[in-house]
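Before any comments, here is the structure.
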Amino acid sequence: MRTYLDLLQHVLDHGVDRDDRTGTGTRSAFGYQMRFDLEEGFPVLTTKKLHLRSIIHELLWFLKGDTNIAYLKENGVTIWDEWADENGDLGPVYGYQWRSWPAPDGRHIDQIANLLKMLHTNPQSRRLIVSAWNPALVDEMALPPCHCLFQFYVANGRLSCQLYQRSADIFLGVPFNIASYALLTMMIAQVTGLKPGEFIHTLGDAHIYSNHFEQARLQLTRTPKKLPVMHINPDVKDLFAFRFEDFRLDGYEADPTIKAPIAV
């Protein structure tokens, strides 16, 4: 994925060194966009191997509306461990906002169910939006949403998705986010009778942590390989019925993982 490597290079070359919440320090650029045509292959990094199991299970966890890490732990996924409390709870994070956004009148709004309904009844709508950024509850979240708003767009029978990510940890987080939202787009396309279109990833504060510079430069020495193909069980017609076993990635050849510390 040359597109991703171009982002790494851009921030290393043109970013501004800044302090940050974690005390680690970053090199950051504000405002950047990447586009991935999902017909050209599944956009997962080939210049370092990603843990696809974590990506899929996290997405299924979001779609369940779950905010406790028990499901993730049961499936060997540890990416949320650092932020959970002693009971495994994270507060009203992504899954809660996606599936149970609290309204002032006491109702809870299932944004994903509403999105699916609109895609069936009014696919030309400009309101095909899901937001995880709830100002009233941000302070109760273990980690406020980094990928905070996404919008869908239907044209010529193809479903495209644009994600706005306010805070983008380029080396560790962004590769997961690309694959996760590409997969979500493919899943929603299948259950709404559409074909996958583009995934557009718009970044706000796009940063590389100072203790990731060496790893980023190593990754830039590697040559991207052909993208793999994601196969989704065609029998699944209900977005909330997908299981891990319904996904198969064929042809994924990647360079070895590059370890880097997480900034908490």
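Numbers here mean position along the shown chain, with the first residue as 1.
Every residue, even glycine, has its Cβ placed from backbone N, Cα and C.
All protein chains shown were included, and the count of other CB atoms within 10 Å of the CB of R21 (dUMP binding site) stands at 9. Positions annotated as dUMP binding site by Swiss-Prot: R21, R126, R127, R166, S167, A168, D169, N177, H207, I208, Y209.
Taken from Swiss-Prot, the feature (6R)-5,10-methylene-5,6,7,8-tetrahydrofolate binding site applies to H51, D169, A263, supported by sequence analysis. Listed in sequence order, C146, H207, Y209, A263 are the same-chain residues six or more apart from D169 (dUMP binding site) with CB atoms under 8 A from its CB.
Residues or ranges marked as active site, nucleophile by Swiss-Prot on the basis of sequence analysis: C146. According to DSSP, C146 (active site, nucleophile) is assigned to coil rather than to any helix or strand.
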- For the binding-site residues H51, R127, H207, which one has the sparsest Cβ surroundings, going by other Cβ atoms within 10 Å? R127
- In sequence order, what residues of the same chain, 6+ apart, have a Cβ less than 8 Å from the Cβ of S167 (dUMP binding site)? C146, G204, D205, H207
- Task: Could you measure the widest C-alpha to C-alpha distance across H51, D169, A263, the residues recorded as binding (6R)-5,10-methylene-5,6,7,8-tetrahydrofolate, and give it to a whole number of angstrom?
- Result: 19
- About how far apart, in whole Å, are the alpha carbons (Cα) of R21 (dUMP binding site) and H51 ((6R)-5,10-methylene-5,6,7,8-tetrahydrofolate binding site)? 27
